[in-house]
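Q: Sharing the features that Swiss-Prot gives for it:
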type    : residues                                                                                               : note
DOMAIN  : 102-259                                                                                                : domain 'CP-type G'
BINDING : Asn149, Lys150, Ala151, Asp152, Gly201, Ser202, Ser203, Gly204, Val205, Gly206, Lys207, Ser208, Thr209 : GTP binding site
BINDING : Cys282, Cys287, His289, Cys295                                                                         : Zn(2+) binding site
Amino acid sequence: MNLDLLGWSDFFTHSFVPYRQQGFSVGRVAIEYRNTYIVYSKQGELAAKVTGKLRHQATQPQDFPAVGDWVIIQTRESEGCATIHGILPRKSKFSRKTVGSKTEEQIVAANVDTVFLVCGLDGDFNPRRIERYLILAWESGANPVIVLNKADLCNSLDECISEVEAVAIGVPILVLSATNNQGIDTLKAYLQPGQTVALLGSSGVGKSTITNQLKGASVQAVQPVRQGDDRGRHTTTNRELILLPTGGLIVDTPGMREIQIWAGDESLQETFADIETLAPECRFRNCQHHNEPGCAVQQALLEGELDYSRFLGYQKLQKELNYLVRKQEQRAQLAQKERWKKIHKAMRNHHQY
């Protein structure tokens, strides 16, 4: 396989130099299973596992390879397998908080150039969900593109596009109907040789259908959505990096029923640029935009310049991010405490001998 077509660039070359001198090879993670990875490399497709050392040193989920990662490998070509010794620095990473009570980062896709945020123009259409995806996209370091699928099922297309334009300020918006192959060509501009695009969206929005149309074959199984709620049945069960005939790469991901935010203030500001632009005009620097006198945001709401549901979405996400920061700080303090416990224990054991 050609590394350049797999997304290799100068960004990774410099980091790999010392490993090349030691005789290691490099590959890109295509599929992630529980304890095994499928890696694309010069030697072809390889089944790979991480070394015991890498597993021992990993303290959190993001220390393990994710789909899209460039990894340092030692190959056993006769067996068609490899051992993963490390991960090269990530150019970008699309992450969310793990589902459940744990405050941990889950990397959905790494080293992505563009993120297609796919939304169905049927019962799935939800501008608030788009806002949540946008925050994660801006945080990732990749460029977001809104893909509105199922245009053939929408009776108010112009109205839906206007709603998206209001929440995705300055973000490209593409409209298509994947099942009819209408508008698919508009996606190809982002899938030049060596470019990686991640498809993200809830189940049933047509991500696998889009992948199949771009691939020109049914590489991903497709199932109909349920009648009544327009929800899909999680056609894609594993994240997978797929090499397209054009030379571009696409990461198809399972539908996300729960979008847990993992981001910082800058991504919130980028997503809600209209509200952030109003904030400096408030009378008080620390204005919370509730009932304070001279609040420019509240004035914009009264005059109809700012949509109230968008403002409520902003407040909700702001609270989520503040809560996440507090949980991260608590987790860091606990980790530091555990670290010092281990150091003191090691020192006591040393003095005993």
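Including glycine, each Cβ sits where the backbone N, Cα and C put it.
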Q: Could you tell me the maximum Cα-Cα distance in Å between the residues recorded as binding GTP, namely Asn149, Lys150, Ala151, Asp152, Gly201, Ser202, Ser203, Gly204, Val205, Gly206, Lys207, Ser208, Thr209, rounded to a whole number?
A: 19
Q: Rank the binding-site residues Ala151, Val205, Cys287, Cys295 by the number of other Cβ atoms within 10 Å of each Cβ and report the first-ranked residue.
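A: Going through Ala151, Val205, Cys287, Cys295 one by one, the largest Cβ count within 10 Å is at Val205.
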Q: Got a sec? Which of these binding-site residues, Lys207, His289, has the most Cβ atoms within 10 Å?
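A: Answer returned by the neighbour count: Lys207.
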Q: Going by Cα-Cα distance, which of the binding-site residues (Gly201, Val205, Lys207) sits nearest to Cys295 (Zn(2+) binding site)?
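A: Among Gly201, Val205, Lys207, Gly201.
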Q: 10 Å Cβ neighbour count around Ser203 (GTP binding site)?
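A: Ser203 (GTP binding site) is surrounded by 21 other Cβ atoms within 10 Å.
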Q: Rounded to a whole angstrom, what is the C-alpha distance between Ser203 (GTP binding site) and Cys282 (Zn(2+) binding site)?
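A: For Ser203 (GTP binding site) versus Cys282 (Zn(2+) binding site), the Cα atoms are 41 Å apart.
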Q: Any idea what the Cα distance is from Asn149 (GTP binding site) over to His289 (Zn(2+) binding site), rounded to a whole Å?
A: 35
